[in-house]
Amino acid sequence: MNGEEQYYAATQLYKDPCAFQRGPVPEFSANPPACLYMGRQPPPPPPPQFAGALGTLEQGSPPDISPYEVPPLAEDPAVAHLHHHLPAQLGLAHPPSGPFPNGTEPGGLEEPSRGQLPFPWMKSTKAHAWKGQWAGGAYAVEPEENKRTRTAYTRAQLLELEKEFLFNKYISRPRRVELAVMLNLTERHIKIWFQNRRMKWKKEEDKKRSSGTASGGVGGDEPEQDSAVTSGEELLALPPPPPPGGAVPPGVPAAAREGRLPPGLSASPQPSSIAPRRPQEPR
């Protein structure tokens, strides 16, 4: 046991060369001890039978570093060899690609064709129709679906339609079919024409009714003025009230006594009826 303790003590002293320079009580010092800057003593050479094994181990061992140096990070050749041969060992046909296929960038992706619209009803909307009118329009719109043309009626067609509307404001289905065949029109055209014509007729009737009401209101005020004037004239033409004794002059007619004379007649007796007639002189 004593031999082993001496052996371990000797090895500790060999590994720590500063042990010979340290005192019994450690003292605080801001500077590191000088023994750290001293080179390490080389170990004794190993036996020849272990020289080959130690040589291979020293190739992968980290280099000798000082306490104030940071060792550079180097890639292990075995790990690098494993990284290079990993896809081949796993049997991958293609290496892992990025988020964009075939090396394309976000700006290089082709936009979907705008000329081919997925639904037919999208071509008849106004948003695509007006764009199709221009030469550089990106929307392929058929000419007949671009804009609905307005139906132009001839004079003969309008004459027949007006005659029919004069007799019937609302046309029946059999008569509409007959007119469509006779005028070379569709039933839809005739139906829409009658709807528009009825709206126009109703507006004209409302305008006539409003103008007649306005003229009737203006003419209704005039008779009231005339009646007021005539009533004043009648009051002026009435005879004076009878005397308090109740005696009425003999020339006043009975209608004037009762106050029922017309406005053109006066209550006073005419002088021709009161004055005596003169006898005619012989010639």
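Any Cβ shown, glycine's included, is placed from N, Cα and C.
Annotation comment: Swiss-Prot describes 146-205 as DNA-binding region, evidence class sequence analysis. DSSP states for the DNA-binding region (146-205), grouped as helix (H, G, I), strand (E, B) and coil, give 44 helix, 0 strand, 16 coil.
According to Swiss-Prot, the compositional bias 'Pro residues' annotation covers 238-252.
Sequence annotations record features per position, and here Swiss-Prot assigns phosphothreonine to T151. Sequence-distant contacts of T151 (phosphothreonine), defined by Cβ-Cβ distance under 8 angstroms and a gap of at least six in the same chain, are H189.
The feature phosphoserine is assigned by Swiss-Prot to S268, with similarity to another entry given as support.
As annotated by Swiss-Prot, region 'Transactivation domain' applies to 13-73.
The region 'Disordered' annotation in Swiss-Prot covers 36-66 (among others).
If you look up Swiss-Prot, you'll see 201-283 (among others) marked as region 'Disordered'.
The feature motif 'Antp-type hexapeptide' is assigned by Swiss-Prot to 118-123.
When pLDDT is averaged over the motif 'Nuclear localization signal' (197-203), the result is 94. Look at Swiss-Prot and you will find 197-203 tagged as motif 'Nuclear localization signal', backed by similarity to another entry.
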